[in-house]
Amino acid sequence: MKLSTARRHIIEGSRNIIRNSWMTVASVGAVTTTLILVGIFLALILNLNQVAENIEQDVQMSVYVELGAGEEEVEELESNLNELSNVRSIEYSSKEEELNKLIEDMGESGDEWGMMFEDSNPLNDVFIIKASDANYYKSLSNQVKEMDYVDDVDYSQATVERLLTFNKYARYIGLGFITALLFTAIFLISNTIRMTIIARQNEIGIMKLVGAKNSFIRWPFFIEGMLMGVIGSIIPIALVLAGYYYLYDNVDGRNLLPFVELLPFNPFAWQLSLLLLGLGVFIGIWGSVMSVRKFLKV
Amino acid sequence: MTSMIKMKKVFKVYKNGVTALNGVDVNIEQGDFVYVVGPSGAGKTSFVKMMYREEVPSKGEVYINGVELGTLKKKDVPFLRRDIGVIFQDFKLLQRKSVYENVAFALEVIEENPKKIRRRVMNVLDQVGLKHKARFIPAQLSGGEQQRVAIARAIVNNPKVVIADEPTGNLDPETSWGIMRTFEDINSSGTTVIMATHSKDIVDKMKKRVIAMENGQIVRDEQQGEYGYEA
Ligand SMILES: Nc1ncnc2c1ncn2[C@@H]1O[C@H](COP(=O)(O)OP(=O)(O)OP(=O)(O)O)[C@@H](O)[C@H]1O
Ligand SMILES: [Mg+2]
């Protein structure tokens, strides 16, 4: 396309936007609303994913061996555990090692405790199992509980499961919402473009008769849609950048919740902004394509 | 001589059932000057609309410069139209644009070099005697002046064929002759001119080829013909 032609299309497209001011405001508003919600949902979902992933990394299952079990029994249990599937690793930690760990964790007061329990260690021998995926802990735990010489099985079940479920539903609800909003925005844009096409039917007819190419006639409408998408993404991007900056500063910096580690502002907030801009352009172009296809008979 | 426009057994039945063309055969050579005459409703406008594909025949074939329009791809229609300048019976001017803009429009939409547009537009406006009204909008012009804007727009692109549907209908005799001289000029430079008209004076004086239509058929086709109806 020639530069002068491109310039003309952009001018025409912008003029249409101004000419249809009220319709434009409605369409841009719809894009803005949609993108703000998309931004919030994506920030939420992606961060939840991150948190869940972090926790998943740390999740492990402790299998406490019965207190009275001797060396042979422990070995038998170990070989049984080795036959489980969906297991990434099994580690054995004797009650002495467990005690040492505990003492270390306690720091200052640890030594006193150590003295106290030196002769009568109340702890169990432990197998520490990591599953190949967090989803397997439940079934693994059920299987292991049935085995001989197992006193108890423990894993941070509640947190992980709740987080995974929440994340799953948040994702579904978010996607549902976003899809509905996307279609509303696309519909509003296509309606605005339709008004432009109707208002300019006469001119379009003459353009055709004097030999304008179809693409030449269509381009200003694509530009119009695209511009509405771009304008609609300005406020959401500003909100995402400012909001995430604030959030990151307050939540992550202060380490209020130790396991919550937000995705870093740079690059995450920038990537999200770029995505919103892209989505705005996509909504705009799709809206105009719909109208141009339907109402612009060239 | 090469054939510019050729029709073979062309029929046109509009959606409402009216038969506007009823088996038209014609051959117009490059560089011809042709008057199309006949009573109102005879099919003159329908006849010329076939040439730039505003309407397509219900039956039959139309060739422009050797290309059968039925085989023309949709995306090539704009290029056909760039070779044919049309002065529409209802002018089809853009009411909100100035005279200058209306004419320049025809060059802009075919992506002509912007530097050339200004010079070329001022030249044709001079040719049709409207240079001094370049900034007026159509509503500020007389019917005849509007028609001359339409003429300027049709010829600004130096088309191979100029089709004029009633170009002198609203004009006083003097302006009519001015316009006829414009058409003669572009015809003498090799452009094919086809003109549908009700003007007996002009047709009889110019002594050009005359095609007479009645009820969608060509009833007479003479070189150096006459109008042949009462004025
Ligand atoms: N778009 C259309 N739809 C239906 N009928 C049409 C259409 N255009 C023309 N007609 C009919 O076709 C016939 C021929 O019309 P056309 O406009 O070709 O006549 P014409 O010779 O140009 O007349 P005039 O001298 O008044 O301009 C008329 O009966 C007219 O009513
Ligand atoms: Mg007519």
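Cβ coordinates come from backbone N, Cα and C, glycine included.
Nobody curates TrEMBL annotations by hand; they come from automatic prediction.
Database features (TrEMBL):
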- A:21-46: transmembrane segment (TRANSMEM)
- A:59-153: domain 'FtsX extracellular' (DOMAIN)
- A:169-190: transmembrane segment (TRANSMEM)
- A:177-297: domain 'ABC3 transporter permease C-terminal' (DOMAIN)
- A:221-248: transmembrane segment (TRANSMEM)
- A:268-289: transmembrane segment (TRANSMEM)
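Within the chain carrying the transmembrane segment (A:268-289), a Cβ under 8 angstroms from the stretch's Cβ atoms is held by residues 27, 31, 34-35, 38-39, 42-43, 46, 182, 185-190, 192-193, 221-222, 224-230, 232-233, 236-237, 240-241, 244-245, 248, all 6 or more beyond its ends. Regional average pLDDT for the domain 'FtsX extracellular' (A:59-153) in the model is 81. Secondary structure of the domain 'FtsX extracellular' (A:59-153), assigned with DSSP and counted as helix (H, G, I), strand (E, B) and coil, comes to 47 helix, 22 strand, 26 coil.
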